[in-house]
Amino acid sequence: MAATAAASVVRYAPEDHTLPKPWKGLIDDRTGYLYFWNPETNVTQYEKPTPSLPPKFSPAVSVSSSVQVQQTDAYAPPKDDDKYSRGSERVSRFSEGGRSGPPYSNGAANGVGDSAYGAASTRVPLPSSAPASELSPEAYSRRHEITVSGGQVPPPLMSFEATGFPPELLREVLSAGFSAPTPIQAQSWPIAMQGRDIVAIAKTGSGKTLGYLIPGFLHLQRIRNDSRMGPTILVLSPTRELATQIQEEAVKFGRSSRISCTCLYGGAPKGPQLRDLERGADIVVATPGRLNDILEMRRISLRQISYLVLDEADRMLDMGFEPQIRKIVKEIPTKRQTLMYTATWPKGVRKIAADLLVNPAQVNIGNVDELVANKSITQHIEVVAPMEKQRRLEQILRSQEPGSKVIIFCSTKRMCDQLTRNLTRQFGAAAIHGDKSQPERDNVLNQFRSGRTPVLVATDVAARGLDVKDIRAVVNYDFPNGVEDYVHRIGRTGRAGATGQAFTFFGDQDSKHASDLIKILEGANQRVPPQIREMATRGGGGMNKFSRWGPPSGGRGRGGDSGYGGRGSFASRDSRSSNGWGRERERSRSPERFNRAPPPSSTGSPPRSFHETMMMKHR
């Protein structure tokens, strides 16, 4: 599918005889960046290694006894390959392309051959994942703010060599470029592999998807059901975007294990989804609404489900899916393992966790009682007059580095569409919201992932469903209805260890959120603008005086047209009509006239940004 085409493809660089052995040069075809890889230590870096700094070799496997997981038959590969004998019948919505990344040697001393499951194999020799693996479990937990409760809980698995995963699965993980487990993976994997129920509370972008998928793959090795009689694993997610992305991860990392997965979501024809179920699927990823529809049609059986995952449980409850979730769970055997992942821990989520889980272990990453933003994201809060928002937005887009992907959030579908029309000509923007059909949404997301449309304008429907790893910036054109949605929106950037930027336009009508926003900013060590503090202090708006961005004006009237003001100059409010876009009074009287693309500038066009250049290239 097109989703996999957007993934990075890594190839070897031309041979460089000046590189010290065993270093090799690699090129990321997506970005064109050259970096260097040491196959002995699995270290990658952008700085060219020099002979004066020889690479550090590590023993094949060296695992601290404090984090060693006992290898039992529970994690061993099956003794026969009957489980996977129907490979040609398996459901796969993605092509069986080769894995990207450098190859791993087979047949070396203490190495691994190419034997499939069922044949004798040994564990993959892996390098040490220093410095994390050099820490004690207690120090690792303190560093990553991991707290656990629920009786005897095993220590975190701080390196991949400590997991005891099958070699084929480890190759998939390593070829994806991961050097060490994320904190949520390190702590949830050993608990899940014990067969215990889990409540995991962690921010978005923490690696939770693999946190439950990989133990699920191991579960499938032990529970060898006939997938034509029904799935063994069920993953419930709030949105179709998130559901399809979970399926993509399941197919990508389960390919070598011949694990089949299908996805059930609304907004698409039921026919292809029903045919996938008839062919058989080990894993079903579904939104609650569509799964309930298919259950009522009696076209799926959940009697074989023994591994249930509720991903973004808080979001599903916010969207009103609790009745559907409870109805689905009634169809699943009570003898099962249940894993719940959530970004927040409100009373509603606690209640459903108490009802559905049995003696769970709770894993917290960071402060659970307070809503906390990702500290890897630099947050910019700007008090902006409604008539100045688009001008400021264009400046932000022009300031981004070449290749940057940007998401802009609006409050309403109407605002989303209008802003997209205004930005398309210059920046290459596309809209995604609830009124778009599934083919339209898929096309927009594929264009965004590939970079052909580098600006995505979205309503909150995409705030928690979209997972694109290289988003550089998020712009809150409209402030959301609460700080929870604010945190989820900006969490689209700064994922998987990367940094990001979030720009938020804050107005007089948003002043009721000022106090809560200050807590979020201070909790993430971010600067709080004086105007926001003033709003919080007096409980009123901060735009009663002239601000840096323009004169006082009325609220944007969420869903109206007033949010699309004239293009006032960033430095001066006297130059608004210089390019034909500054007729604020005409715009307010007849907004329909301004839905067209802007006329050419009478004073000359500014230099093209990367986004404009990309649009010209692809026309």
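Residue 1 is the first one shown; counting continues down the chain.
Cβ atoms are placed via backbone N, Cα and C, with glycine included.
The feature N-acetylalanine is assigned by Swiss-Prot to Ala2.
Sequence annotations record features per position, and here Swiss-Prot assigns region 'Disordered' to 47-139 (among others).
The compositional bias 'Low complexity' annotation in Swiss-Prot covers 61-71 (among others).
What Swiss-Prot records for 78-93 (among others) is compositional bias 'Basic and acidic residues'.
For 125-139 (among others), the entry in Swiss-Prot reads compositional bias 'Low complexity'.
Per Swiss-Prot, the feature phosphoserine maps to Ser136. DSSP gives Ser136 (phosphoserine) a coil state; it is part of no helix or strand. When Cβ atoms from all protein chains are considered, those within 10 Å of Ser136 (phosphoserine) total 13, not counting its own.
According to Swiss-Prot, the feature motif 'Q motif' maps to 158-186.
Taken residue by residue with DSSP, Ala202 (ATP binding site) is part of neither helix nor strand, so it is coil. Residues annotated as ATP binding site in Swiss-Prot: Ala202, Lys203, Thr204, Gly205, Ser206, Gly207, Lys208, Thr209.
Mean per-residue pLDDT, taken over the domain 'Helicase C-terminal' (392-536), amounts to 89. According to Swiss-Prot, the feature domain 'Helicase C-terminal' maps to 392-536.
Residues or ranges marked as region 'Disordered' in Swiss-Prot: 528-619 (among others).
The compositional bias 'Gly residues' annotation in Swiss-Prot covers 552-568.
Residues or ranges marked as compositional bias 'Basic and acidic residues' in Swiss-Prot: 582-595 (among others).
The annotation compositional bias 'Basic and acidic residues' is assigned in Swiss-Prot to 609-619 (among others).
Take the mean position of the Cβ atoms of Ala202, Lys203, Thr204, Gly205, Ser206, Gly207, Lys208, Thr209, the recorded ATP site; other residues of that chain with a Cβ within 8 Å of it are Thr182, Ile184, Gly211, Tyr341, Ala343, Arg495. For Ser206 (ATP binding site), the same-chain residues lying six or more positions away in sequence with a CB closer than 8 A to its CB are Thr182, Pro183, Ile184, Ile365. Rounded to the nearest whole angstrom, the C-alpha distance between Ala202 (ATP binding site) and Ser136 (phosphoserine) is 22. Of all Cβ atoms in the shown protein chains, 23 besides its own fall within 10 Å of the Cβ of Thr209 (ATP binding site). Contacts of Lys208 (ATP binding site) defined by a Cβ separation under 8 A and a same-chain sequence distance of 6+ are given as Ile184, Gln185, Ser188, Ala200, Ala202, Asp311, Tyr341, in order along the sequence. Cα-Cα distance from Thr209 (ATP binding site) to Ser136 (phosphoserine): 25 Å (rounded to the nearest whole number).
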